[in-house]
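**Q** Mind looking over this structure? Questions follow.
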2 protein chains.
Amino acid sequence: MVNTEKDLEQQFTSINTSIQRVNIPPPQPFFKTFKSSLKETFFPDDPFRQFKNQSPSKKFVLGLQYFLPILEWAPRYTFQFFKADLIAGITIASLAIPQGISYAKLANLPPIFGLYSSFVPPLVYAMMGSSRDLAVGTVAVASLLTASMLGKEVNASKNPTLYLQLAFTATFFAGVFQAALGFLRLGFIVDFLSHATIVGFMAGAATVVCLQQLKGILGLQHFTHDTDLVSVMRSVFGQTHQWRWESAVLGCCFLFLLILTRHISKKRPNLFWISAMAPLTSVILGSLLVYFTHADMHGVEVIGELKKGLNPPSYSDLAFGSPHLMTAIKTGIITGVIALAEGIAVGRSFAMFKNYNIDGNKEMIAFGMMNIAGSCTSCYLTTGPFSRSAVNYNAGCKTAVSNIIMATAVMITLLFLTPLFYYTPLVVLSSIIISAMLGLIDYGAAFHLWNLDKFDFVVCMSAYFGVVFGSVEIGLVIALPGLQPQVSVSMLRVLLFVTRPKTSVLGKIPKSMTYRSVDQYSVASRVPGVLILHVDAPIYFTNASYLRERISRWIDEEEDNLKSSGETTLQYVILDMGAVGNIDTSGISMLEEVKKHTDRRALKLVLANPGSEVIMKLHKSKLIEGIGPEWIHLKVGEAVEACNFMLHSYKSASGPWPTKTKSETQDNNV
Amino acid sequence: MVNTEKDLEQQFTSINTSIQRVNIPPPQPFFKTFKSSLKETFFPDDPFRQFKNQSPSKKFVLGLQYFLPILEWAPRYTFQFFKADLIAGITIASLAIPQGISYAKLANLPPIFGLYSSFVPPLVYAMMGSSRDLAVGTVAVASLLTASMLGKEVNASKNPTLYLQLAFTATFFAGVFQAALGFLRLGFIVDFLSHATIVGFMAGAATVVCLQQLKGILGLQHFTHDTDLVSVMRSVFGQTHQWRWESAVLGCCFLFLLILTRHISKKRPNLFWISAMAPLTSVILGSLLVYFTHADMHGVEVIGELKKGLNPPSYSDLAFGSPHLMTAIKTGIITGVIALAEGIAVGRSFAMFKNYNIDGNKEMIAFGMMNIAGSCTSCYLTTGPFSRSAVNYNAGCKTAVSNIIMATAVMITLLFLTPLFYYTPLVVLSSIIISAMLGLIDYGAAFHLWNLDKFDFVVCMSAYFGVVFGSVEIGLVIALPGLQPQVSVSMLRVLLFVTRPKTSVLGKIPKSMTYRSVDQYSVASRVPGVLILHVDAPIYFTNASYLRERISRWIDEEEDNLKSSGETTLQYVILDMGAVGNIDTSGISMLEEVKKHTDRRALKLVLANPGSEVIMKLHKSKLIEGIGPEWIHLKVGEAVEACNFMLHSYKSASGPWPTKTKSETQDNNV
């Protein structure tokens, strides 16, 4: 039976009208869409949801509770909770005191400032923080960064007062920056530190910190100020005659003890208190040992006198007029971001375990306030370190009251117990740091990255080697895409994705109307005469010309293949736009060019499943009329059906499908 | 009829086994995938395809033809072609001579260098270029940029030799950079100049160039060296008493003439030669007028003496040892990129009209060689300007021979006709520049951007105002994302896309198994008890935490809605991964967290249509086992069917669907 062309077109139109067409969403007023995208960008978690439809007084209470979560949970606080928090608080205090002293040494600050930093900030966090498990304290990486960044400008041993002032100023700006990020809803900046970079950066920083401890372990007097592996090794092996065996033996013993307890606690989580108590036990044992053997006379350095008394105020030390202000600000911002990244990640993961929510931006405000308050009360940068928070969680803490207990314990120490640390050997502090740092080197995670994603592994390793062989700052530049996006390895993948999106050919899955990539599904079979291409990224100026070239290469290759096999000729090119989330004007031009290209080769361009953004812009740019609205389908399957229909009918009726000119298509639409 | 749980699971499994499962592509050796992605990144157009399976001698000929396309087309050159090229060549020469002189003035170079630059580079391009329509010459924007960037270091009037040397050096480095981009297959860098930025930047540059011409039109002696609107206006209106009416009247008359001819040619494309000839006619008319009226004695400045003779060699002028070398390099790179962007775009669009292909990387090599050769023969930066190429195309050029004709005409001018330009008034040159620049201000395109894409409009306007009120460099920083990605407006959208991907709820399209966004399709209806979410971007570290928060907010909102309506409770969350082109380890962790989150709320997480990259990583990370392979479907429709089956059967049999624990799921798979 031979159909006339007219009949065929009527049949085609009737098929077309019976199915659902691609909807063009109604045009929205510009400011409405603008407002809604602003909201999605800055308030994705919709923090003001609970404020809706409330009385003003209720709103005030809710607002107060938003900034001071303690007001929310304190009324519900019970004695049961207190018992649990008391035990957890004492446990973390026993960890906080030796760690505080050790990390302060790492930051080139007098040890007492480590204790000060474990007193005020936990109290602030207890009021403002929303995590129930986070234990506040100083961290090794931020301490090391402070020492290395400030140390470049000011020598801590020659000019201790200025150094101290800059440390407080840096802490102040870290706090201001953190709080500002929270207020401005820019918390997502922290997310730019990818998991892979954090693994690499943390392991690198831990390696560097361990290397620095060789000074303490070997009892060396002089040591390089650089942190890279080469300098440190040269420094260590350049003065082998200065090594003190007493110090080394003591250090190795305590290190062994600490690693053993960590190992035990890891195997049996309910014995967490063994490793939690180990540092304090080591300090006590070490001090007693020195006291009774007078080892301090034989090359074992001790902490010496710690001033009794609570934190002295330090707001007058904030050096806003100093010529080194820029360094302080830079140090503050960088350490602040690192501290935030750790603190927020820790808070989130424990919240996940206990099934409650942490608002990242709110936490940033809490961290910021805690550091601003800290900088005025002789504290340096604090955050929520993972190790201490894990002990807190394991010890069964219920609320942030455990931080208050810890602060109280530190307060008692500051008021009465500081003389007890006189004989504490520095080498014990080094052992404590090393044993804590070894836990940060996560071989498992690196191996997992290698298995799962080679690119992430490269990112991780670049950050690691950047820190170990270069400096902490070099590692950071590699890690933090915001600093120098051009050289950031981790940003490269995102750039590659938007410049080189993947295109794949789809084929029909047997016994279904579904079309999937022929690379992924070996059962998928190509449709003769129809090339179905899937684009898996938004079409922007960054990839528009790549896509134009790639699509025309697909068409060339398909035509070559068909020519050599001598089967049917190519007649239709279907673009599956299902994964094209958005398109800009360069992308629209690209589609127009592809349209011209296919027209010139007497091919018909068909679109399938354009999303709302895409169809709206196709509509506005009149490209829908160019392609013909009947050639824009909801599904790939329907598009193929329409092509097949035309292909077979026309083949029997009047030869190949005539390429429609623009005017014809428009006539059809009238 | 009440089924037992066992029966149901068997039924479920039998349904499951009858349909096509999501394929996990077989693992590929690392270096194979690495090689293929390198190829896709750097050789998307597969330029070596024709080299395959050829003899070595054939390969050599093909390679030679690759770098010197003239070898390919010259043997097929006919006399018919020559006649067409001769006419086109003479036409563009008549445009090239006055424009060359004018643009050289714009670059603060002696006018003769404009003629030199229209002699050697077109010859080089004729041999190496693959476009048949491109007419080579200097361009206004690059000239202005050269003047403004070099002018900051060296005053062109006080130290003309050094300035000239730097201009050649900058041209040399522009050529080296262009050729290097081509050789290294990095041509996609040029694509980072989006259409919107080019529209804004070009319009801004044209405005700035026009403003600079006020000096010539008003016959001013002193003029600001800044290019921004405010400085120029202050300079112009600060010396109203210096304005020369003779000059202004002459300028306005010629400007009117030029604009009129442009208007005529625009209306009647076959009269293209009227506007093409107009500049030369103006120059001749103006010169005659000055010669006969002695207007050069009355405040109308003239060009003066031009040296007779061909390009002198200038390779000894390349100032590699100069202290200003860095400025020359910077100027070269920036003007080189701008010139490339214009030249490639022009070549591509005319190739599109005539249906032949342009290899971007090959063109870059040709441009680079042309500028390297130019820098050694007293030429400054050249490219393929749009206006001249359009005239070439309209004049019916067939091959690059029209460039050779133009170069010959310029050669004759240089050898014999330079004295004729003695009396050419500068004001005519200003009129020529202004009339050419007015064509670059594309109101229509800006209006189109506003209609089509508000964001692109903002990008365009930022580039425009950056150039007009700031400087060309500020406009460039806004325009070129590669320079300072942090502040580039055009990069912001790409960053927003990868940090804030859109998630939408899908519903069922009536009378089909298709699920589409309920926002786009008002007919789509939600499935009770099942929340179907579509994620439309790859899941990377940049958006992983956003997506986690957004997905949990969708779940919260859905549960709230269902609670208030009192209907069914939420039981299943289906994630449509069809548009998730890739995922990194942060993304996998995010999915694991979403899985934990849904488990804790007794919801079942179901995945639909994961692509090959995604399913491979789900497989490697063992997340498939966590979710249960029977809950990963090829299509959203099948996923919903499976959910509905469980929902209704379990409701009638044994209450809500029990959340499977990990061990149970694993047992099922054994």
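Note that Cβ sites are derived from N, Cα and C of the backbone, with glycine treated the same way.
Okay, so TrEMBL annotates it like this:
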type	residues	note
DOMAIN	B:520-643	domain 'STAS'
TRANSMEM	B:134-151	transmembrane segment
TRANSMEM	B:163-186	transmembrane segment
TRANSMEM	B:192-211	transmembrane segment
TRANSMEM	B:243-265	transmembrane segment
TRANSMEM	B:271-292	transmembrane segment
TRANSMEM	B:333-353	transmembrane segment
TRANSMEM	B:404-422	transmembrane segment
TRANSMEM	B:428-450	transmembrane segment
TRANSMEM	B:457-483	transmembrane segment
**Q** DSSP helix, strand and coil counts for the domain 'STAS' (B:520-643)?
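**A** For the domain 'STAS' (B:520-643), the helix, strand and coil counts are 63 helix, 21 strand, 40 coil.
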**Q** Take the transmembrane segment (B:192-211) and find every residue of the same chain, 6 or more past its ends, with a Cβ under 8 Å from one of its Cβ atoms.
**A** 106, 140-141, 144, 227-229, 232, 337, 341, 345, 433-434, 437-438, 440-442, 445-446, 449, 453, 456-457, 459-468, 472, 475-476, 478-482, 490
**Q** Could you check if the transmembrane segment (B:134-151) is in contact with the transmembrane segment (B:457-483), meaning 3+ Cβ pairs under 8 Å among residue pairs at least 6 apart in sequence?
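**A** Answer yes: the transmembrane segment (B:134-151) meets the transmembrane segment (B:457-483) with 3 or more Cβ pairs below 8 Å.
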**Q** Pairs of Cβ atoms less than 8 Å apart decide it: which stretch in B:163-186, B:243-265, B:428-450 has the most with the transmembrane segment (B:271-292)?
**A** B:243-265
**Q** Within this structure, do the transmembrane segment (B:333-353) and the transmembrane segment (B:163-186) have 3 or more Cβ pairs under 8 angstroms, counting pairs 6 or more apart in sequence?
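**A** Yes, these stretches are in contact.
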**Q** Take the domain 'STAS' (B:520-643) and average the pLDDT across it for me.
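**A** For the domain 'STAS' (B:520-643), the model's average pLDDT rounds to 87.
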